[in-house]
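Undergrad: This is the structure I want to talk about, given as structure tokens.
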């Protein structure tokens, strides 16, 4: 960890930050600078000043260092990316600070491996020794991993919060990750069984748990969003997401004569079945309709993301302060559409470049007479080019979709009654260096 942290008036030493926190905890509350608008009661906008060029440099450096270190550098890259987003996100004139380290994430990842590897090995050998119970073992192992995934959601969020500060004061989380995992897993099963209908109620319960166990200093968090608000926001999305595929598949099935379906059913029930021309066309039409239906939820994802983000932000409270968001569905689609078009253009350019390079390698190999050394060199160049191509698209996705989407979300946010946080006192400045173990191992997302 560095020797300096972000304080209310800029960088200050870690010792100074701890001393200030102890002073606040003892009851001698320092005067915190007010953000513009906090005295008048006007909403204070949340801004983001990060530039694509700075992020591009981080991503390129991180990508090549991951290649050199066989992926180990990704923990430090995750930390650098978070520090970029946090330090450029501000409420009024006060920016956030991130104090996590790559070593903490690496330790958490190794801690998780010590749990997951024996668990996976036990499942493998149990299925090997009891082949008749293979499905039972697989389902049981899947449920265990889903349960641990819910634990990781809570623990990784707690890690990020304890490494995040604003005005020199850290956020923190209380409560039990295991209790959250039990509730989260049960609600996840309920959502699956209800075909998604129970999602608004499940989301409201989990958000309420997380926010009521979140603190900024000694200011408690809360969540006031209701399932009804989310249900109304997602009603059209659900109607299209479920209704359109059903209409498409139903219309396809109904357009085919029933005698053809009867022949298909008799053939399937027989030992061997080779469909005739009309039967093959009928089966192909249904498969095409099913495949097309898969893309409908994917196309609706930006709308789902916009509605849930706005609902979650509008229900968030810290002390007497409240978040307000006007993030629109159109804003989300605009980011994804422009990003997809830009990436498609890059894909065309990359395809042309790969074709020219492959042709050049082929003719160079033919002119050199081939040979084992030439073949090995070509193989190495192909593998390296493949990795560069994958890395290029990953970087492009971060710059063309991830960064603009984050910027649009932050631009939609403002804070009301920010003055209520001026007298907040520090609490629990210490935090686990292990980064909450399993939560850190899956904690590679970016979020506030």
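Cβ from N, Cα, C; glycine included.
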Undergrad: Can you check which of 55-76, 77-98, 209-230 TrEMBL lists as transmembrane segment?
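TA: Checked against TrEMBL: transmembrane segment maps to 55-76.
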Undergrad: Using TrEMBL as the reference, determine which range in 25-45, 109-129, 403-423 is annotated transmembrane segment.
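TA: Range annotated as transmembrane segment by TrEMBL: 109-129.
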Undergrad: Which stretch from 109-129, 335-364, 376-396 shares the most C-beta pairs under 8 Å with the transmembrane segment (135-156)?
TA: 109-129
Undergrad: Of the listed stretches (109-129, 235-260, 281-304, 335-364), which one yields the highest count of Cβ-Cβ distances below 8 Å with the transmembrane segment (376-396)?
TA: 335-364
